[in-house]
Structures are given as structure tokens and as C-alpha cells.
Amino acid sequence: MARISLTFPVIFPAIIVISLALLLVSSPVTGGSPDYGDALRKCILFFEGQRSGKLPADQRVRWRGDSALQDGATAGVDLTGGYYDAGDNVKFGFPMAFTTTLLSWSIIDFGKNMGPELRNAVKGVRWATDYLLKATAKPDIVFVQVGDAYSDHSCWERPEDMDTLRTVYKIDANHPGSDVAGETAAALAAASIVFRSRDPAYSRLLLHRAVKVFNFADKHRGAYSGSLFRAVCPFYCDVNGYQDELLWGAAWLHKASNMREYREYIVRNEVVLRAGDTINEFGWDNKHAGINVLISKEVLMGKAEYFESFKQNADGFICSLLPGISHPQVQYSPGGLIFKAGGSNMQHVTSLSFLLLAYSNYLSHANKVVPCGERSASPALLKQLAKRQVDYILGDNPLQMSYMVGYSTRFPQRIHHRASSLPSVVTHPAHIACKAGSKYYLSQDPNPNLLVGAVVGGPNISDAFPDSRPFFQESEPTTYINAPLVGLLAYFSAHP
């Protein structure tokens with residue numbers, strides 16, 4: 001994840017027009033238009049399959065059971081609940097907080113398009129924020145992980161059977177983690193907007209806690225992978241630094257509270273926290289592009305000229321994604337999928353597409369376009385680019401395969417996910433020990449439990465997909481792949 005500056009001359013030659021035309025032409029391989037509403041319902045349902053803790057009476061993923069009911073006990077705190085981030089049984093606070101922020105942003109911008117699924121999306125946020133409130137209940141402490149990742153990853157075990165170490169990890173004044181604390185503050189602040197009219201008292205609690213967590217993050221600066229290297233690396237090691245999370249947290253607090261101090265913080269720290277370091281990435285580790293798009297909305301509404309430089313950064317970021325002028329760090333597969341080197345490519349596809357769509361909406365309302373050298377990118381073009389990525393995920397691709405489990409007739413059968421791949425506690429109540437699960441991991445049989453809505457890491461740069469559990473980068477789903485996709489599917493379900 002090398003940092004690349006976007007201060008470069010942008011040109012838009014004829015070949016780019018051809019590239020765009022080829023990319024935006026989707027072949028009718030799925031036998032008709034995607035059913036975005038069905039995909040939205042399943043995309044949200046996935047989060048119920050990732051739940052940790054005591055499951056509620058209205059749990060719809062019935063093959064899952066209660067799990068990790070003693071989490072936090074070794075530290076004398078209640079840390080039950082929250083989400084498992086992917087196909088393992090560890091609760092990593094950094095990606096969980098980012099998931100919460102993006103799920104909240106999906107509701108804030110596109111909740112009006114969710115119809116009856118809005119209620120389930122809001123429940124998805126609350127399952128996370130209830131946990132984050134527990135993790136931040138003690139002043140100047142944030143509990144950032146439950147579970148020893150090395151112990152967990154040495155087993156192929158259902159969460160309901162877990163007997164691996166449930167070690168509790170925290171950051172504090174002597175062991176800072178401005179990155180994970182800043183993202184947690186962003187998550188709480190964004191969620192406070194979601195609950196502002198739905199549950200005002202809960203909204204106030206979330207915002208009040210966000211302020212405290214942000215103050216802690218800013219006062220005790222440092223990367224959590226420095227304080228907790230052995231626990232969090234290489235799993236969710238902060239490669240990009242903590243500076244972007246401080247700006248990200250301040251941006252969401254500004255949006256949630258409209259307090260002048262956060263606006264002044266952003267302006268004052270724009271250079272020192274490197275707001276202009278935008279690269280072609282947006283995810284749990286790198287927030288720069290998201291910061292610039294989020295803040296640019298105010299500029300485009302004519303309310304915040306002092307944030308003009310953030311809009312310029314956002315424009316540069318958008319231009320850099322366009323086929324034909326994209327950076328070497330962003331490629332397109334022959335079938336038209338955004339591709340970035342590294343693990344779990346689909347996280348980049350959904351997050352970058354979300355920013356394309358969100359920015360296109362902000363531009364539309366302001367009647368603006370993105371200047372890209374001699375040409376310009378219209379809001380309609382950005383929407384088309386985002387839609388092309390969503391359609392690829394749902395089956396409009398060379399393999400004619402949906403990369404969302406349970407959507408369409410052809411989808412991944414052997415996803416890298418412990419609970420999905422092992423017999424459920426419903427059909428096999430007896431304990432399955434750590435190493436006894438290995439035969440299911442190595443089996444060529446389809447997973448017995450359908451984790452409906454799970455979107456896997458996806459195909460490689462050549463559009464090839466192995467559909468095999470050991471190929472975890474391609475076959476593992478994550479919460480932070482689905483969270484931005486919720487917003488995308490909501491929009492396209494209303495604007496197909």
C-alpha cells in the first residue's frame with residue numbers, strides 16, 4: 001500500500017473514451033437485469049451470520065447459535081456481541097469500526113432507497129454500536145480485539161465450539177492507537193446520525209462517546225500496530241499510519257455535531273495530517289479518499305469554501321479511477337472489474353464504487369462535474385462506473401457467476417468461512433474440536449450452511465475464480481466488503 005501522490009497532470013485522450021465505452025458496455029450474461037432489491041436484502045442478511053454473542057429472538061440466520069458468551073471476562077469487562085470480521089472467530093475492532101462507519105454512511109445517504117430493508121440495516125448498525133459502547137465504556141481505554149488470532153487461525157472451528165484463547169487487547173494512554181480509536185469515534189459519530197430521529201437518547205449517547213474517544217485518540221497519538229504489534233499484525237496492521245483516522249474521526253464528528261471546533265480542527269490539521277495524500281484506495285486502513293469525498297459535500301453545497309482543497313483532492317481521486325488514466329495501483333480486469341494488488345480485492349471494488357456513487361450524488365445536487373484535464377466526468381458517468389462494478393459482482397462477468405452467496409443460480413459454494421463450512425450446531429450438536437474441523441476445510445464438498453449475502457474476495461486480475469476454501473484471498477467474505485455494497489444496492493434498487 002505505497003503512498004502515491006495525486007498531484008499529476010491529468011489527460012483524457014481519445015483512447016480513454018474508448019476504454020470507458022468498453023468498460024460500460026455490460027454483456028447480458030445473467031439473463032436479464034440484476035434484481036438489486038433481492039441482492040440488498042441478502043447483503044444485509046449476511047451481517048446476521050457474522051454476529052457474535054447471544055443471538056436475539058428475531059435472528060433470521062437460524063443455523064448460527066450463541067457464541068463467545070464469556071468475551072471480556074478475563075479483563076473483568078463485558079465484551080460480548082459485535083461481529084466476526086470474516087471467516088474466522090476473532091473480533092478485530094479496527095475493521096469492525098470501519099464496517100460500522102460505512103454501514104451508517106450507506107443508511108445516511110441511501111436509506112431512503114432501502115424500503116422495508118432499512119429496518120434491518122439499522123439493526124445491523126446497532127449490533128455493532130452496542131458492542132463499541134462496551135469497548136469504550138472505560139475512560140481513555142478502548143478494547144480493540146477479542147481473541148488470539150494465531151490461536152484462532154490454527155483451528156478450523158465453529159464459533160459456537162470455540163475453545164481457543166479469547167485474549168482481550170486494549171489501547172490506553174501508555175499504549176496509544178489513534179487509528180483504531182479515531183475509526184471508532186467515526187463509527188459512533190456516524191451511527192449517531194442514523195439514530196438521531198429513531199432513538200434520540202441513544203443517538204446522544206453515541207455522539208457523547210464519540211467525542212470522548214476522539215479526544216483520547218488525538219491526545220495520545222500513535223499507531224495501534226506499534227502498541228499491539230504481536231496481536232494485530234499481520235492481520236489488521238496499520239500500514240497507512242494513524243493520521244488519516246484522526247481527520248476521518250473529526251470529519252464525522254463535524255457532520256454529526258456541526259460544532260465549530262471540529263471544522264477548525266480539520267482546517268488546522270489538514271497539512272500536518274496529510275489530507276492531500278490521497279491514493280487510489282479506501283478501506284479499513286486508508287481513509288484519505290473517504291475524508292475528501294465526505295467533506296466535499298459541504299463545498300459542493302456552497303457552505304464551506306474553507307474546505308475547497310478537500311474537493312480538489314476528491315476530484316483528483318475520482319479522475320484517477322477512470323479507465324485509461326487510472327494509476328498503476330488501480331487496474332481493470334478484462335471483464336471490467338476494478339483490481340488492486342493484495343488481499344481480498346472485492347473490498348476495494350465496493351468501497352471505491354461507494355465513493356463514486358456518493359460523489360456523483362453530491363455533484364448532481366450541485367449541478368457540477370469533475371474536471372479531468374481537457375475533459376470532464378459527469379455524475380452520470382460516475383454512476384455508470386459504480387453500477388458496472390455492482391453488476392459484475394452480481395453475475396455480469398466472464399464466468400457468469402454471482403460473487404454473492406445465495407444470489408442468482410451460480411455463486412461460490414466453498415467459501416473460506418468456518419461456520420458456513422462446518423456442520424451447524426442444529427444438525428450436529430456435538431462438539432467439533434480444533435483439528436477435527438480440518439477435514440471440512442480440505443473437503444471439496446460445498447459448504448453445508450448457506451451464508452446468504454456473503455460477498456467473497458472475488459476473482460483475480462484475469463477474471464478467474466478458484467472457488468476453493470484454501471484460496472482465502474478469493475473465497476473469504478468480510479463485513480467491510482458488504483457494508484458499502486448496502487448503499488450501492490439500495491440506490492440501484494431504486495434507480496436500476
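Note: Cβ is positioned from N, Cα and C throughout, glycine not excepted.
What TrEMBL says about a protein is an automatic prediction, not a curated fact.
As given in TrEMBL:
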type: SIGNAL; residues: 1-31; note: signal peptide
type: DOMAIN; residues: 36-489; note: domain 'Glycoside hydrolase family 9'
type: ACT_SITE; residues: H416; note: active site
type: ACT_SITE; residues: D467; note: active site
type: ACT_SITE; residues: E476; note: active site
## Note on the structure
Least Cβ-packed of the active-site residues D467, E476 (other Cβ atoms within 10 Å) is D467
### Query
Within 10 Å of the Cβ of H416 (active site), how many other Cβ atoms are there?
25
#### Entry: C-alpha spacing of H416 (active site) relative to E476 (active site), in angstrom
5
### Query
Taking the domain 'Glycoside hydrolase family 9' (36-489) alone, what is its mean pLDDT?
96
